[in-house]
Amino acid sequence: MHDFKNRVLTLFLLGILLVFILLALIMGNIVHHSVKEKRMEFYTGELSLIEKVLETEKQSAIITNLLKTASKHLKGEIYVLDSDWNVKYTSDGNSPRNMSSFYPNDTQDIGQDLVQKNENGKLYYTLKKKDDSGYIQFAIPEGSAESDERSIWIMMSIGFLVCFIIILYVSIKVIHKIVRPVEEATQTAKELAKGNFKARTYEYFGEDIGELNFSLNVLARNLEKMTKSQEAQHDRLITLIENMGSGLILIDANGYINLVNRAFKELFKEHTDYWTGHLFYEVFPHAAIKDIVKETYLTEKNVRKNTVIPIHIERKHFDVYSAPVLNAKGKLKGIVLVFHDITELKKLEQVRKDFVANVSHELKTPITSLKGFAETLLDGAGENAEFRNKFLTIILNESDRLQALIQDLLDLSKSEQSFQIDAHPINLESLVNETVEILLPKAEKKEISLSVDVIGDTTMDGDPPRLKQIIINLVSNSLTYTPVGGTVSVIVEELEEHVKLVVKDTGIGIKESEIPRIFERFYRVDKARSRNSGGTGLGLAIVKHLVEAHHGTISVQSKPGEGSLFTILFPKKIEN
């Protein structure tokens, strides 16, 4: 901007300088002619006075003195000539001589006017006498005649210089005052062009240029407001996209990926940072997704498919929704892909199917037995006391099994419906001892060592019947899967903020691949052993729900042939 200011100032000063030069030339010409005319008038008047004196005075001595006095006054030489240009009298007293060489070529033009002629470095002014009897001539050095003009020129030059300096100073101030707002406005405009909408310029109120700066500031404020609004909308959109539970990918009309959200990276466990700016078919590792995108490009219609995609060692189910993005004219601008992970839904669906199948099977078995033995008794077997008692015993056992299954189903249903437990302070040690006493006969029957160890104060908030149900299921489960001569240990330990319940056995153990499923309904590690012992396959599922109802956690550690260890952490205090 300083260049602009300097250019304006330079052009302005050049214009002023040009005006001064033209003015000087014009005034110089005027001054030159004016001085010359004034000088001619002055010399004409002086020589006319001398002429009048000569008309009345005839004595040579007096005339010579007069010419000397006039010569000193006029600072030049005075000659009185006859009609033939012979010198009659001189102011310097020199001998007479002929001055014909100093008169004009055309003597007829002299008349009564003063004629100037420059010869030998002198200016000669010649006045013809009125009676035509001769001439009066005045000669001065050329430099003396020009000294007056030189003095005037010096004064004019000084005046011009002073005026130029004043004009220069005023011009700098005026131009600075005019250009500065323009510079500030230009600088602000550049900042706005760079995207800095906080830039402002000083507003010069009461001046025309101030309207420009005011308008520029209004524009900057509006742009800043619009930008903040757009940034807020953009931030909200990015926050929504990044925090949505579904994976999302944006692809432009040419097939280049513009955006991949965080959920997609987490779902597919892919390093997608380099995907942006690449073609989708170059980076997508899954052919199924490529096919969905291609179909959307070809049809420009919504495409929705359920697909199974292998991710590392897992196979996940996804509901993939692909939709074209069209502008106001219906032209394709891009594609948005949304990925819903429905793996858990598929698992739940499978669990539901398994549950229905298991319930049907578990109910069908005792009912079939009841029906079969009842029909056998009706067909005449009841007449034999031995067969009758045997069949009735089987019917009773199957009825008990059916009753236990129905009771477990009811308990499981209640525990899954977020029922409220009646929690109050209890001593878990006492509850464990009471429960173990109930199961001692079963342990003694299999010659299993059943022990209880208590460490610290085990007072906690809990619902005694529900806690008793947890202990019975865990200990009974350990007794079922522990071979004859094994051991089952129940450990109750006080921690800082929890009470820990551990049930440890030396049973058959559980494979690592089966551990995540042992809390599923009707899942059995050893189906034959569990069914023969009267188990329904719902015990651990009930335990898990009851532990969670107490705000606790349950974990399992197990190896085949080495036994299992179930650990439950109960909080000492349960918040209402």
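The backbone N, Cα and C atoms fix where each Cβ goes, and this holds for glycine too.
According to TrEMBL, the domain 'HAMP' annotation covers 176-228.
Shown for the domain 'PAS' (233-268): DSSP residue counts in helix, strand and coil, namely 18 helix, 11 strand, 7 coil. The domain 'PAS' annotation in TrEMBL covers 233-268.
Taken together, the residues in the domain 'PAC' (292-354) have a mean pLDDT of 86 on the 0 to 100 scale. Per TrEMBL, domain 'PAC' is recorded for 292-354.
Annotation comment: TrEMBL describes 358-574 as domain 'Histidine kinase'.
Distant neighbours of the transmembrane segment (12-31): 149, 152-153, 156, 160, 163-164, 167-168, 171, 175; these residues of the same chain sit at least 6 beyond its ends, with a Cβ under 8 Å from one of its Cβ atoms. According to TrEMBL, the feature transmembrane segment maps to 12-31 (among others).
Under the heading transmembrane segment, TrEMBL lists 152-172 (among others).
Long-range contacts of the domain 'PAS' (233-268) within its own chain (CB-CB distance under 8 A, at least 6 residues past either end) are made by residues 275-281, 283, 293, 297, 309, 311, 316, 318, 332-341. With a threshold of 8 Å between CB atoms, the same-chain residues lying at least 6 positions outside the transmembrane segment (152-172) that come near it are 9, 12-13, 16-17, 20, 23-24, 27-28, 31, 35. When DSSP labels each residue, the domain 'PAC' (292-354) comes out as 20 helix, 32 strand, 11 coil, counted as helix, strand and coil in that order.
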